[in-house]
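Undergrad: After the structure tokens below, expect a handful of questions from me.
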Amino acid sequence: PVDETQKMAELLGLGDECGEGASRASVLAGSCLADNRLNLDVYPDGCRRFLQLFEGRRGEVVQVEFLRLSSNDRILGTTLGVLPHLKHLKSLVLKGGHARDEFGSCQRGSLTSLPPEVGNLRCLTHLDLSFNSLSTLPSCILHLPSLRVLLVSHNSLVALPEDFGSLSKLTFFSAMKNQLKGLPQSIGELAVLQDLDLSENALECLPEEIGNLHNCAELDLSGNRLSSIPDSLANLKSLRRLHLHSNLLVTVPASLASLPNLSRLDLQNNCLRAVPLEIQTSPVVRLRGNPLGEAKPSPQADESSAGGLRRLFLASGEDSFTVTSEGCKVVLACGIHFYFPPGAASDPLQIYFRTLAPDPQCVKLRHHDVLLSRVLELQPHGVKFQQEVQIWMPYASPQTFHQREVVVRTFSGRTWSDLRTRVEQKRKSKKPVAHCSVLHFSWFLVVSRLVQNECKVPTEGTLLFSSVDPNIKVTFPPGVTEEPRSVKLQVLPVSAEEIEEITANAGCRASPLLCLSQDSLVDFLRPVRIQLPLPPGVTGLNLDQSRLHLLRGDLEGETWDDITSQVVLEFTHLYAVFEVTHFSWYWLWYTTKSYIGGIAKKVYERLRMYQVNFIALQRKKDPEQVLLQCVPKHKVDPVLKKLQDRYRGPEPSDMVEMFEGEQFFAAFERGISIDMDRPDCVDGRLSFIFYSHLKNMKEIYVTSPVDRKGQAVKGQVSFYRGAVPESIPEDASRRRKGADSLWLATLPIKLPRLKPRWGENPGPLNGFSFPPLNLGNAETGYLTQANLLSISRRVGADWQTIGLNLGLTYQQIERIGYNNREDLHKQILDMLFSWAQQNSEDPDCVSKLITAMKESGRQDIADEIDTIIELGRQKYRESIRRVGL
């Protein structure tokens, strides 16, 4: 054993002058060969060591299944002759790029061909020949029957063999960074290919046969010279990501928008001047960097549109558009659509718009209403159009539809009213939108309410049924009113399980709650007859009338009076019937309890509450970035599953109950602080408003005044109740007063100990010195050097993706990474300030920065920039008002 170990040390070139070297050699060779792996590309002379191993322990080396060698090695050619002996080889990596030139760029390997006998490696499934000097694809590769993964990126290939499609088992092929000018028709024969990367070549056209890659999920054709793409790409039904950016495209087929699984279509930096409507309106499409004019609808869109109206597609930074007498269609970046018919505006009219977070002081929700959207404000207010303007507003889909309906609610200047609304679905995304028509502009939002049945009651009388429960009906006899009046009916079904859970009494049962209202303050002239179903399990045969109670509630549900003795109740086998002369809310209960009014009030209050949990998560790549969210109990698991790849944190808080539209605060404690200048920061705490179908989420950057270079900071975030909505019953509000009742939950937050950077400069710019910057303009607000420094602390490992989306080239990114290779923070600073200096004169640079952050998956940074810019706008408006302009 000692002699064998020493022999292995000699074969691996580790020396035999001490026992330590021999021991290291034994461990290295033993572990490699035991796992049938040899990773020798990490050694400058890996090929020499491989040849020595092959001569010394051939019996074991020929069993190797995974082999990695550097093609920058000087004796690679000699080594290639040994490869055909490795009959069990499954993975072969012969990559260059292990050496760098004087400028820090990767040097390509010396590999220009492979021995024909390599085609006899029948077990080979993975072959990586990247960063080499191949001008043609070695013919032996086409004879590898099991090959599934082939990488030949960063070579000098000008063409692929005509019979390339013979690689019938190929699932992954990358030929990026070559000089390919065309593709063989046989590429369509790669029936199981799932990932095809042909980016950064010289492709000028594509064969129609590329549409036969029915299993392809990702296709990267970016960085070529394509001026058009074949319609057959629409046959790739499995395609999820299609990269076409940085080409010379002047048009794209509208059929791409119909690909069922497509999650990203990147068309940035092309020559597109007209894009089909289906493409422009798709949320998965990226179009930045194209000289787009007016949208060009597809032929299908022309047939369905009214006379080919002008279409406007507004970017995220825009806040206005002009409507003329010819009419137009407008699509906002947030997905809201408008249709202005010809003649709607007699003269050119500038329309201003913005979407706002809902403020309970302004947005008045009624009982059992659920908010489904942000608030849309359209100006100028009060201007009357000659024809109705149609609006489509996307909204968060409610959980149930059969007992509720979706309506658009608008503010008239004094009160909120509901518009006649039609619910539709977007053709491609199938997401719901609320469609309404208006003559005036003001504020708009989408709510879910109890289904409302209404009718006009004439002097002759009429009958009104509930569409939720047809067993509920209201009969208006002749002569019930002198003047016609409008009557509304709503029903809130309550299950027996809910009643039992809230009352903890299996003997309590209740009928659906009936809400009646009218537009007149005058009582009816004759009694109105109301029919309610008996509570579940109760019939006219087993009815104990002493246990039956008819309750009347006021229009706020704060009091419930037992009026059983004040009316005449008639019973059938299934129904109770009574008469009234004015409207209120009516609820039929069956119970042995005497004080039924208090029980009903408690049940009604609980029916309006939501059980929620709080979560506090920290981004894995940047623990100083904290995500806070209030989530309804049934959504907690799906939300955490969606976030688990990027965030970590403690278990959600215990369940608490909240009302729709209720305010709460998040306070960071025990050595953790936030930016106090945030507009949503009140007395050092973040303000939230809970809406059950909105996200209730904020992502913020936290700091600590404590020196973290010595130890981690173990802090916490606590949640507290805030203002109570006006519609909450007074008793519920009163019960919540007092210090103890304000606290909701506390979750731990830990900031790790800071590690000193190599060669760290204590200066604020970490060794960098840049001239002062002011990005943007006075009207939209500036981003200053201090703002960019604050943003840089949150970027983390995403800086390369962000830089590419900002328009920096791959070469610039590589050079920045190499020049600052020992310091991530310097890489981020160099990238951000390099871009800022190049674009300081561009008035749209701030909106481009926000867009790049969103495209890089950093919505949190985009929101922070939006907040900074909004503060700038506010200051600008205030200064304008002060000088009277």
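Glycine residues also receive a Cβ, built from the backbone N, Cα and C atoms like all the rest.
Okay, so TrEMBL annotates it like this:
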ACT_SITE  His440  active site
ACT_SITE  Ser442  active site
ACT_SITE  His582  active site
ACT_SITE  Ser584  active site
DOMAIN    317-450  domain 'ZU5'
DOMAIN    451-592  domain 'ZU5'
DOMAIN    784-869  domain 'Death'
Undergrad: If I restrict to non-local contacts, at least six residues apart, and a C-beta distance under 8 angstroms, what lies near His440 (active site) in its own chain?
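TA: For His440 (active site), the qualifying residues are His381, Gly382, Val383, Lys384, Phe385.
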Undergrad: Within the domain 'ZU5' (451-592) only, compute the mean pLDDT.
TA: 87
Undergrad: Using a 10 Å radius around each Cβ and all protein chains in view, which of these active-site residues has the most neighbours: Ser442, His582?
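TA: Ranked by Cβ atoms within 10 Å, first place goes to Ser442.
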Undergrad: Using DSSP, how many residues of the domain 'ZU5' (317-450) fall into helix, strand and coil, respectively?
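TA: For the domain 'ZU5' (317-450), the helix, strand and coil counts are 0 helix, 63 strand, 71 coil.
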Undergrad: In the domain 'Death' (784-869), how many residues does DSSP call helix, how many strand, and how many coil?
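TA: Residue counts in helix, strand and coil order: 69 helix, 1 strand, 16 coil.
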Undergrad: Express the distance between the Cα positions of Ser442 (active site) and Ser584 (active site) as a whole number of Å.
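TA: Ser442 (active site) to Ser584 (active site), Cα-Cα distance: 32 Å.
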Undergrad: Taking the Cβ of Ser584 (active site) as the centre, how many other Cβ atoms fall within a 10 Å radius?
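TA: For Ser584 (active site), the 10 Å Cβ neighbour count is 16.
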Undergrad: DSSP says what for the domain 'ZU5' (451-592): how many helix, strand, coil residues?
TA: 14 helix, 59 strand, 69 coil
